[in-house]
Amino acid sequence: MKQTTPPKTYRVKSFGCQMNVYDGERMGEMLAEKGMSPAPEGEDADLVVLNTCHIREKAAEKVYSDIGRLTKGKTQKVAPMIAVAGCVAQAEGEEIMTRSPAVSMVVGPQAYHRLPGMIDKAAKGIRSTDTDMPADAKFAALPQRRKSAPSAFLTIQEGCDKFCTYCVVPYTRGAEISRPYSALVDEAKRLTEAGAKEITLLGQNVSAWTGEDDKGRALGMAGLIREIAKNPDLKRIRYTTSHPADMDDELINTHGEVEKLMPYLHLPVQSGNDRILKAMNRSHTAESYLKLLERFRTARPDLALSGDFIVGFPGETEAEFEDTLKIVDAVGYAQAYSFKYSPRPGTPAATMDDQVAPEMMDERLQRLQASIRRDQQAFNDASIGKTCEVLVERKGKMDGQWLGKSPWLQSVHFTGDAAIGDIVTAELIQAGQNSLGAVLREPINT
Ligand code: 5AD
Ligand code: SF4
């Protein structure tokens, strides 16, 4: 039986990127504003929002199987009212409604501010789809931020005009838009009032953000960072994800000059081979990417680097793949994400000749990930002996243990007297692949 009474409790399940996490939080805030409450862990929710991701592999099938589990009593005892949100909702739209009668509403990433009205309709048995773009009205219609974890996300930019030939984002998230400066300064302030110590600025092409300050002067993301850094309650700033084409001198200098801007840069390269990069419609070469990183490292020598890679793009030969291994060797990433190429319907690469065999992709991915793991371990090993600040984010599994993040975005665990939201001084004493052990040092609280 489908839920057709007004739901009182909700659960938002977000998949994929950090922007989906941000959107999921904002949807939750909106539902709370509507008088609903989050379903406690382990208990049924009256409304489940599946906030989906469409970037890679079998995204739509995964959504249908999640819906199946919800309706067949596998995820919870009573089938909830179901909303499909996120990028699969945008890409599939009405198709979801046709294929899945259990779904009451389908809402795209630029339309979720209208979710409360759609829920009211659903409670009367009326199903609805809203995949309108762009997002002009969305942010203004959302409630103010009231609660925040020590590390918060803030979406400053959405959409993408780059049209990499493998990528579905320009179609699901639409054209690049920048949120206005004053709304962002205001949201950052509210987040710190609500307890945030760190803010990560988000955007599909975050460094393409542009705006105007209060005096009407044009600003880029570097200017925005400098402004929000003035807030004394904000201790750390990060941003993700950037495209090499949008990185300017001002941003590079900001890394050297603004202490609150953490020494970490996620800058996807995708491939180390220029022919593949061209076929991907990336506007950089392997060499221009490396030169750009050099400029960042000159400004901030301890910068930790992260990247994204795709193996098995159509036509990729063994020698071309080896260029990707070479660029990994040349950079020495502190961490990186790597994926097998997955044809996305409607993108140019999906219909290119010479799709690479799945076994070959598996083999290449394993080799690439071995290189990345090696460098990640080396980066962590080189951190041993450093004393740094750690932002405490949550309790660890063991008694008295805490988990937090170093300036270089490494997970750090330590035991001692601390609380969530503290920034403690710690010496890194032990390095694993994915986390480091530390001991507290004076002065403990900075
Ligand atoms: N196949 C595999 N990986 C992809 N990405 C984007 N589209 C695809 C695709 N079709 C990866 C890119 C991007 C990251 C967010 O996801 O590496 O930077
Ligand atoms: Fe996709 Fe390329 Fe835009 Fe990133 S820059 S969102 S990979 S099209």
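Cβ coordinates come from backbone N, Cα and C, glycine included.
Predicted automatically and left uncurated, TrEMBL annotations should be read as such.
These figures come from a predicted structure and were not determined experimentally.
Cβ neighbours of C53 ([4Fe-4S] cluster 1 binding site) (same chain, under 8 Å, six or more residues apart in sequence): F15, G16, C17, N20, A59, G86, C87, V88. C53 ([4Fe-4S] cluster 1 binding site) carries neither a helix nor a strand DSSP state and counts as coil. Taken from TrEMBL, the feature [4Fe-4S] cluster 1 binding site applies to C17, C53, C87.
Other C-beta atoms found within 10 angstroms of the C-beta of C167 ([4Fe-4S] cluster 2 binding site) number 22, with every protein chain shown included. C167 ([4Fe-4S] cluster 2 binding site) falls within neither a helix nor a strand when secondary structure is assigned with DSSP, and so counts as coil. What TrEMBL lists as [4Fe-4S] cluster 2 binding site is C160, C164, C167.
Residues in the domain 'MTTase N-terminal' (8-124) partition by DSSP class (helix H, G, I; strand E, B; coil) as 54 helix, 24 strand, 39 coil. The domain 'MTTase N-terminal' annotation in TrEMBL covers 8-124.
Per TrEMBL, the feature domain 'Radical SAM core' maps to 146-378.
The domain 'TRAM' annotation in TrEMBL covers 381-442. The average pLDDT computed for the domain 'TRAM' (381-442) is 96.
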For this session: Across all the protein chains here, work out how many other Cβ atoms are within 10 Å of the Cβ of C17 ([4Fe-4S] cluster 1 binding site).
Result: 18
Exercise. To test your reading of the [4Fe-4S] cluster 2 site: which residues beyond C160, C164, C167, same chain only, put their Cβ within 8 Å of the Cβ centroid of those residues?
Worked result: K162, F163, Y166, V168, V169, P170, Q204
Problem set entry | Neighbours of C17, C53, C87 excl. site residues, C-beta within 8 Å of centre, [4Fe-4S] cluster 1 | F15, G16, M19, N20, T52, H54, I55, A59, G86, T172
Exercise. Helix, strand or coil at C160 ([4Fe-4S] cluster 2 binding site), per DSSP?
Worked result: coil
Exercise. Which one of these binding-site residues has the most other Cβ atoms within 10 Å of its own Cβ: C87, C160, C164?
Worked result: C87
Seminar exercise, completed: Near ligand 1 by the Cβ criterion (under 6 Å), the binding-site residues from C53, C87, C160, C164, C167 are C167
For this session: Using a Cβ cut-off of under 6 Å to any atom of ligand 2, determine which of the binding-site residues C17, C160, C167 qualify.
Result: C160, C167
